[in-house]
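Asker: Here it is: the structure, laid out below.
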There are 2 protein chains.
Amino acid sequence: MRIALIGYGGVGKAFIELIVDKSSKLKEEGIDFEVVYIMNSKGGIYNPKGIDCAELLAASKVCKNTFEDINENKKITPDFMLQRKDVDLIVELTSTNKETGEPALTYILKSLENKIHVVTGNKGPIIHGYKKLDKIAKENGVYLGIGCTCGGALPSVNGGVIEMAGSQIYSIEGVLNGTTNYILKEMEDTGCTYDIALKKAKDFGIAEANPSFDVEGWDTAFKLLILTNVIMKEEKKLSDINIEGITGLKPEDIKIALEEGKRYKLIGRTTREGKELKMVVKLEKVGKEHSFYNVDGKNKAVRYISDTLGELTLIGGASGTTAAAASILRDIIYICKVSGE
Amino acid sequence: MRIALIGYGGVGKAFIELIVDKSSKLKEEGIDFEVVYIMNSKGGIYNPKGIDCAELLAASKVCKNTFEDINENKKITPDFMLQRKDVDLIVELTSTNKETGEPALTYILKSLENKIHVVTGNKGPIIHGYKKLDKIAKENGVYLGIGCTCGGALPSVNGGVIEMAGSQIYSIEGVLNGTTNYILKEMEDTGCTYDIALKKAKDFGIAEANPSFDVEGWDTAFKLLILTNVIMKEEKKLSDINIEGITGLKPEDIKIALEEGKRYKLIGRTTREGKELKMVVKLEKVGKEHSFYNVDGKNKAVRYISDTLGELTLIGGASGTTAAAASILRDIIYICKVSGE
């Protein structure tokens, strides 16, 4: 299988490292692929016989800017790749454009139209165009892997699509955002204020300089929206979700919860109420009998309740670029197996 | 997709009910199948145009023995079906033969050799012949679905094979047996002895008349063995597992555990220690910080620890014949999707 990588940030680099680490083992299992394009916003590198990823990484150790140095060919762009069509799968890891999903949405759409499988870790195009992309993929007999968009290593999408297949899903609930989970744990463990916990999260690189996307509940809402639309086959919008973040939480609230034997979690939840779907993101207190009680900073969780397969809770999803890259690899392996390529 | 059902006990009947309930919904999603054989040890029914499952069930409501009545054709056997080869998939649900896996092992083997997919809920043939069956399936380009053999609705096999794909699994741990889980919870909740809890489990139909397979840890060991061999690609045997059951547990032990804030669980665990695998089934005390703490009578759980995808815990697996049948259906849907049939 010939792969093009679009986007060479943290997860993109971790993906190349993972391929170098895992390729011989995967080859033994009949999973064989080579990377022929690596592109970022400035251009790219291309080797129709397969890029030597180990060499690229070795060079990177000597000079941090190696990729930029090698990456002098401004003609190597997604459009160039889509004209040649000499790949079987693209890994799309450009930055998320929350407003329009572009340019990733167009890259993904054109790839699928050209019968090229796609695996993406980018929420933007999935929020803005999943239904269309899914339709185009099916019409062209190719696959669209989106596992990385909802919790990375936590197989939340597969959990609903593959593991609950054949059942009707009554509800989706999840602790889907690592940053807020870290902040809540910090407030619990130390009794500190939200501001102090946020500062620590920023210091450790867990929270972004502008953390509003996480702490105001938007990241959780994006993920809940993707899970709901993909697993329940809905066409909901962000505006259908009642979203609250964690910024108003006081140390006193945490103290009272702890005295009750409970912990605060930022939970995204979609439930069926008659013919309607109710979607909310809000802080909830959960007791030790709840399967989310132990979902701490490092992990995320999702729970499905169904008619015939009962409940399924998945807890996991190690953070970091390696885990995110590993979730991209998981989707690629699935596509290799189901497409027989 | 044309299906033959071998074995018409509780799960077999629930499977036919599920098909009647779900078939129109599944058809909308492009999953279309018909049951052309239903067989048990006494013979079977066969309709090359598809058995009217709703009619069969409706008749069953009038007369409990309907299947036996209809089922007068002693020539309709798995051998007859394998001569005609007019099905795409067999659902194998005969009783488990723990010693040899037969006759299921032979049915499955011959089906795979004849390029017929197999989904089974039967541990016997998987314990005794998985490696060979897997090889024959791959050689013939067909699939062997075994999800139901390890916790039914809990997607423990897929959790390891699909959701941890591309990672190296360091350990497998699970609360894999419902009967012992029920008994432990009963002892915890009421302070009763093991014998009293066992009697109650028998009264409710949760424990079998001869409960030794469950309470002495064998069921957990069988499931651990399947998970280990399938997911870690090993060829371990039951004799490689150090197995202890729950029969020696005293109310005093439970009382002490509860005072420590802990609960007893019967845990099956495979861990890598250097180049060796260590496999044990034994009672362990888990605290509220452990993801198995809330896995109570109704549910089961499994946890994988890996190099690149971190930890993944799956909790679920509603008990009963419907849930088991739904796990068979999940495997069939997967095969429909990946085989494009």
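Glycine is treated like the rest: Cβ placed from N, Cα and C.
Among the features that TrEMBL reports, NADP(+) binding site is placed at B:Gly7, B:Tyr8, B:Gly9, B:Gly10, B:Val11, B:Gly12. Taken from TrEMBL, the feature domain 'Aspartate/homoserine dehydrogenase NAD-binding' applies to B:7-143. Taken from TrEMBL, the feature NADPH binding site covers B:Lys123. The domain 'Homoserine dehydrogenase catalytic' annotation in TrEMBL covers B:164-333. TrEMBL lists B:Lys223 with the feature active site, proton donor.
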Asker: To see if you understand the setup: which same-chain residues, six or more apart in sequence, place their Cβ under 8 Å from that of the residue listed as 'NADPH binding site'?
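Answerer: The residue listed as 'NADPH binding site' has long-range Cβ partners B:Thr96, B:Lys98, B:Thr149, B:Phe222, B:Lys223, B:Ile226.
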Asker: Here are some binding-site residues: B:Gly7, B:Gly9. Which one has the most Cβ atoms within 10 Å of its Cβ?
Answerer: B:Gly7
Asker: May I ask you to pick out the recorded positions among B:Gly7, B:Tyr8, B:Val11, B:Gly12, B:Lys123, B:Lys223 with a CB closer than 8 angstroms to chain A's CB atoms, ordered by sequence, or 'none' if no residue qualifies?
Answerer: none
Asker: Count, for each of the binding-site residues B:Gly10, B:Gly12, the other C-beta atoms lying within 10 angstroms of its own C-beta, and report the residue with the smallest count.
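Answerer: Taking B:Gly10, B:Gly12 as the binding-site residues, the minimal 10 Å Cβ count falls on B:Gly10.
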Asker: Write out how many residues of the domain 'Aspartate/homoserine dehydrogenase NAD-binding' (B:7-143) are helix, how many strand and how many coil, based on DSSP.
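Answerer: So the counts come to 68 helix, 20 strand, 49 coil.
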Asker: Take the domain 'Aspartate/homoserine dehydrogenase NAD-binding' (B:7-143) and average the pLDDT across it for me.
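Answerer: Reported value for the domain 'Aspartate/homoserine dehydrogenase NAD-binding' (B:7-143) is a mean pLDDT of 90.
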Asker: Within the same chain, and leaving aside B:Gly7, B:Tyr8, B:Gly9, B:Gly10, B:Val11, B:Gly12, name every residue whose CB is within 8 angstroms of the centroid of the CB atoms belonging to the recorded NADP(+) site, in sequence order.
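Answerer: Once B:Gly7, B:Tyr8, B:Gly9, B:Gly10, B:Val11, B:Gly12 are set aside, the remaining close residues are B:Lys13, B:Ala14, B:Phe15, B:Asn40, B:Leu93, B:Thr321.
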Asker: Let's check the environment of B:Tyr8 (NADP(+) binding site): how many other CB atoms sit within 10 Å of its CB?
Answerer: 22
Asker: In the structure shown, with every protein chain counted, which of the recorded positions B:Val11, B:Lys223 has the densest set of Cβ atoms within 10 angstroms of its Cβ?
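Answerer: The most densely surrounded of these recorded positions is B:Lys223.
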